[in-house]
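**Student:** Quick one: the structure is below, questions incoming.
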Amino acid sequence: MSSNKIGNKLSLDKVDVKGKRVLIRVDYNVPLDKNNNITSTQRIDASIPTLEYCLKNGAKSIVLMSHLGRPDGLVKPEYSLKPVVKVLEDQLKRPIKFLSDCVGEQVEKECANPEEGTVILLENLRFHIEEEGSGVDAEGKKVKANPEKVKEFRESLTKLGDVYVNDAFGTAHRAHSSMVGINLPQKAAGFLMKKELEYFAKALESPSKPFLAILGGAKVSDKIKLIENLLYKVDEMIIGGGMAFTFKKFIDNKEIGSSLFEKTAEQITKDIIAKAAKNNVKLHFPVDYVIADKFDNDANIKTVTQDQGIPEGWMGLDCGPETIKENRDTISRAKTIVWNGPMGVFEKSNFEAGTKAAMDDVVNATTNGAITIIGGGDTATCAAKYNTEDKVSHVSTGGGASLELLEGKELPGVTALSDL
């Protein structure tokens, strides 16, 4: 199994790049407005240390490949990576050569023997159906890629470098051509990927105890694999957000009014409770709620305890002050914390107290020496909103990828890297 242990993969700092053409899979899937201006450069910024390391250590060239959006294997100009060029030029203080394709004879020629220190950005990988293996045709019908053509696509990409570096953790759960199909002798994690793998290895392979998972979000069924896998690793688990109501209803038969509720999840919730008991994992649920008579910031709002229950026509949209206190105690005990999913509807100011308090408590735990990891997606959005990205140990850049890692799944993009 060792080849899939995430903590022992080759990383860029162990590779001699001097005089080499370095082919780097980055994640430049950046948000664009309708005038094709980039609205957040965060993903580009995050790749710069990897690129600067290669240039500083004498790489002959850097060839950057990425996807942007979902063009489904068709060339769609609105998904061009061209807008990235200006941002990269500003950051790296050098010209960037942009190629209008990512494979083929012309691209291979441009990348074969470039001048020392050249940085090349390829056009969107997903303009070719061979990147993802499926897409749509001009009529919008779903089509699968021809395996022979996929092989050619991968061979053409492989010709563009001497060393392969993967820095696209956000796509690591996809077995796409640029993630698993590059056939070079050294396949290393870039610094962004390395940081992700190091922190998840710390939590999943050698956590300091007590280990706490904080899990939120709407549906139990979406998080079932995550909960089940973590029940074999953690000492305590806080279950909050919308999915807490399904547990409250089935396990304690509490009145939950019109709160989020999954009718089909009865067996799942009972199995989780049983598994937690068997594994000596202490589960924490909300004991009070902030409720509203409609899903709106200007709704009528009140706080109720779980024993009072939530009246019909009202819904729980955040946890209450008692729960916040209990969560604070639980968080302050932990030495390793993984957090995936908000505690309430944090996007609306009247229902963000539970999430904001948990964030403050996780920041305090970090200050006191705990390793704290925030999974991607909504929880990463919370960290950005509350300006805490540099106040916790690690905020993951990959929503889907971090979720699959925490679920115990293998990530194809990680498995494909060279072992140490």
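Heads up, the Cβ atoms here are built off N, Cα and C, so glycines get one too.
The annotation (2R)-3-phosphoglycerate binding site is assigned in Swiss-Prot to V26, D27, Y28, N29, Q42, R43, S66, H67, G69, R70, L125, R126, H173, R174. Taken from Swiss-Prot, the feature ADP binding site applies to G217, G241, F346. The annotation Mg(2+) binding site is assigned in Swiss-Prot to A218, D222, D378. The AMP binding site feature in Swiss-Prot is assigned to A218, K219, K223, G242, G316, E347; the stated evidence is similarity to another entry. Positions annotated as ATP binding site by Swiss-Prot: A218, K223, G242, G316, E347, D378, T379. Marked as phosphotyrosine by Swiss-Prot on the basis of similarity to another entry: Y199. Look at Swiss-Prot and you will find S206, S393 tagged as phosphoserine, backed by similarity to another entry. Annotation source Swiss-Prot lists region 'Calmodulin binding' at 209-228.
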**Student:** Per residue, counting other C-beta atoms within 10 angstroms of the C-beta, which of the binding-site residues V26, L125, A218 reaches the highest number?
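**Tutor:** Within the set of binding-site residues, the most crowded position is V26.
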**Student:** Work through the recorded positions one by one (K219, G316, S393) and name whichever has its CA nearest to the CA of Y28 ((2R)-3-phosphoglycerate binding site).
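**Tutor:** That would be S393, nearest by Cα distance.
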**Student:** Can you name the recorded positions among S66, L125, H173, D378, S393 whose CA is within 10 A of the CA of S206 (phosphoserine)?
**Tutor:** none
**Student:** How far is it from K223 (AMP binding site) to the residue listed as 'phosphotyrosine', counting Cα to Cα, in Å?
**Tutor:** 21
**Student:** Using Cβ atoms only, which residues of the same chain lie under 8 Å from G241 (ADP binding site) while being at least 6 residues apart in sequence?
**Tutor:** L215, G216, G217, A218, G341, P342, M343, G344
**Student:** Could you work out which of the binding-site residues (G69, G217, G242) has its C-beta surrounded by the smallest number of other C-beta atoms within 10 A?
**Tutor:** G69
**Student:** So among D222, G242, F346, E347, S393, all listed as recorded positions, which is physically nearest to V26 ((2R)-3-phosphoglycerate binding site)? Use the C-alpha atoms.
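**Tutor:** Nearest candidate: S393.
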**Student:** I'm trying to understand the geometry here, so how far is the Cα atom of G242 (AMP binding site) from the Cα atom of the residue listed as 'phosphotyrosine', in Å to the nearest whole number?
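**Tutor:** Cα-Cα distance, G242 (AMP binding site) to the residue listed as 'phosphotyrosine': 28 Å.
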**Student:** Including all protein chains shown, what's the count of other C-beta atoms within 10 A of the C-beta of Y199 (phosphotyrosine)?
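**Tutor:** Result for Y199 (phosphotyrosine): 21 other Cβ atoms within 10 Å.
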**Student:** Suppose the Mg(2+) site is A218, D222, D378. Which further residues of the same chain have a Cβ inside 8 angstroms of that site's Cβ centroid?
**Tutor:** G216, G217, K219, K223, G241, G242, M243, G341
**Student:** Let me know the DSSP-derived helix, strand or coil state of D222 (Mg(2+) binding site), please.
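**Tutor:** SS state of D222 (Mg(2+) binding site) = helix.
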**Student:** Compared by Cα position, which of the recorded positions K219, G316, T379, S393 is the closest one to L125 ((2R)-3-phosphoglycerate binding site)?
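**Tutor:** With Cα distances computed to L125 ((2R)-3-phosphoglycerate binding site), the winner among K219, G316, T379, S393 is T379.
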**Student:** Please give the maximum pairwise Cα distance, in Å and rounded to a whole number, for the (2R)-3-phosphoglycerate-binding set V26, D27, Y28, N29, Q42, R43, S66, H67, G69, R70, L125, R126, H173, R174.
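**Tutor:** In whole numbers, the farthest two Cα atoms are 21 Å apart.
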**Student:** Any idea which of the binding-site residues Y28, F346 has the thinnest Cβ neighbourhood at 10 Å?
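**Tutor:** Comparing Cβ neighbour counts within 10 Å for the binding-site residues Y28, F346 gives Y28.
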**Student:** Are there residues of the same chain, six or more positions away from G316 (AMP binding site), whose CB falls under 8 angstroms from its CB, and which are they?
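**Tutor:** When sequence neighbours closer than 6 are ignored, G316 (AMP binding site) has F245, I256, G257, S259, P286, Y289, V290, I291, I310 within Cβ distance under 8 Å.
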